[in-house]
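Q: Have a look at this one.
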Amino acid sequence: LLVARAMGKLQSKISLHTTKYRADGSVGQTGPSGTSQQHSPAHTDAVTSVAALKADLCVSGGRDKSVAVSSWRSGAALRRFIGHEREVTKVTSALDSNRVFSASRDKTVLMWELHRATGPSQHFPGHDLVVTGLAVSPDASQLCTGSRDNTVCKWDTETGECLGRAAISRNLVTHLCWVPGEPYVIQTSEDKTTRVWDSRELQVAHTFPAKQHIQTCCDVSQDGRYCLSCSSGSSGHGAEATLWDLRQTRGRVCEYRGHFQTTTSCVFLPRGPELAPSIATSSSDSTVKVWDQDTAGRG
């Protein structure tokens, strides 16, 4: 459930050697209907990020420096992409796209084509520190990245050209997500704020009131009306998730309190015909909580 679905101009020039970059083929096997199959783990070390790719596929990144595409249904790892020099920190994709993006502690972002036989199809260098935010536009034509170097960058995914770079003092980026159907990108930061960026000019359109703790993650509702952010915390202090209004008041709508340690991720859950709008949060306190979006009641 938690898996739901972040300079002047710079033309990336890189030689993609297959000895360094590799896309491995299918490693899973499909058995007869009704039988369970045992599959090797998608990663050989801790998984650091996961995102939806298609209705039946997800993409994940790990400390083993690899990116894997796996089947939700079978659990099999279908593709594995090798190319980063250090651990992968974030992965993302435009839903129903064949493009996968990965960020890394090696200060770069790579773009992978799901059906490409060799290495990455694009390379985005330019950050001075680990890349910690990754968001792709709905049509997969533009990419926004953020880093602990206090900058947010915008890229053309076809050419690898950096279209803009913005720096804000102490803005250590923790997460990025694109607002569906809009040119806006949500960003959380270690400076305890949540920002709304206008990607057209790469300028901050709005900053929500600062919280008392580091904001660790964010998500946007599918209708683009609300965003979530969540906080670090300890011993029951902080660790809340916050619902923000993106359309009208741009104020705080609701808070979700109940975790005892840092809330590490937050996500809007898909709505069913008979289900109330819900969100889910995960925490360093080893729990996952599901909340009624409107009342903050736990399911």
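Heads up, the Cβ atoms here are built off N, Cα and C, so glycines get one too.
Got these off TrEMBL a minute ago, pasting:
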- 21-43: region 'Disordered' (REGION)
- 27-41: compositional bias 'Polar residues' (COMPBIAS)
- 81-114: repeat 'WD' (REPEAT)
- 124-165: repeat 'WD' (REPEAT)
- 173-207: repeat 'WD' (REPEAT)
- 256-292: repeat 'WD' (REPEAT)
Q: So how many of the residues in the repeat 'WD' (124-165) end up helix, strand or coil by DSSP?
A: 0 helix, 23 strand, 19 coil
Q: Going along the chain, which residues at least six beyond the ends of the repeat 'WD' (81-114) come within the CB cut-off of under 8 Å?
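A: Hits for the repeat 'WD' (81-114): 5-6, 20-24, 45, 48-55, 59-69, 120-125, 127-140, 143, 145, 147, 155, 157, 175.
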Q: Taking only the residues in the repeat 'WD' (81-114), give me the average pLDDT of this model.
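A: On average, pLDDT over the repeat 'WD' (81-114) sits at 94.
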Q: Counting by DSSP secondary structure, give me helix, strand and coil numbers for the repeat 'WD' (173-207).
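A: Counts, helix then strand then coil: 0 helix, 22 strand, 13 coil.
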